[in-house]
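Data first, discussion second: the structure below is written as structure tokens.
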């Protein structure tokens, strides 16, 4: 199977270990088309997006999973978001030249947060320090502290593709260290070139052909920002009429840019009048953009 932009889930039936492989192609390039990122920033954002798709597939929820880093170094912010529909979006902010190296060199001192926003429920967030050689190690630290399940990730990205491989023991498998070490050792033989060049099924066969692996149907992944004029209107309405009138008086127009996809929205006085006329008919509800 040569299709890209797919998430593949698989299970080691005799070892009770689950795995996932995601390959992002057109969806990743759609993210890059919105911003001009330096090569190192590209790589980190691509790895974060691959990881977010992988992690979102480990839980049952309706909503979004957000991976975010905040740091004091050159790469100041990464935001990668995936939904239960397997859509993604992401952005990065940086300052000056971003060195290629360990997390401390690229990010400086910082933290990594994973937030699960579920429809109708309060968000859940877990935070760890940005520690380790790379983003995969930082996420492994998160899992070791939060879920206490053996977990390994391999993440790579270039200007064309972002790829991630995920392994995790099932709760009932805890204590079977020999199985885990064998599977993890097989996976650790994978190379960056293989991850970026081999079709998914070929890559999995190359790594695990001696194991009993059940491969589930692939799930398509796509880029979707999710911003819309309607959502922006709800955000503006939440500011209130007085605040909007103040901005319009000063600037003549309200301009809003989506940081994820760079789409531009304009709102003038006519738009404001229409917005608040409609709000009389339908009370404002808080919506996160």
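Note: Cβ is positioned from N, Cα and C throughout, glycine not excepted.
Marked as disulfide bond by Swiss-Prot: 225-227 (among others). Residue 227 (disulfide bond) carries neither a helix nor a strand DSSP state and counts as coil.
Annotation for residue 261 (disulfide bond): same-chain Cβ neighbours under 8 Å, separated by at least 6 residues, are 34, 89, 225, 227. For 258-261 (among others), the entry in Swiss-Prot reads disulfide bond, with the evidence type sequence analysis.
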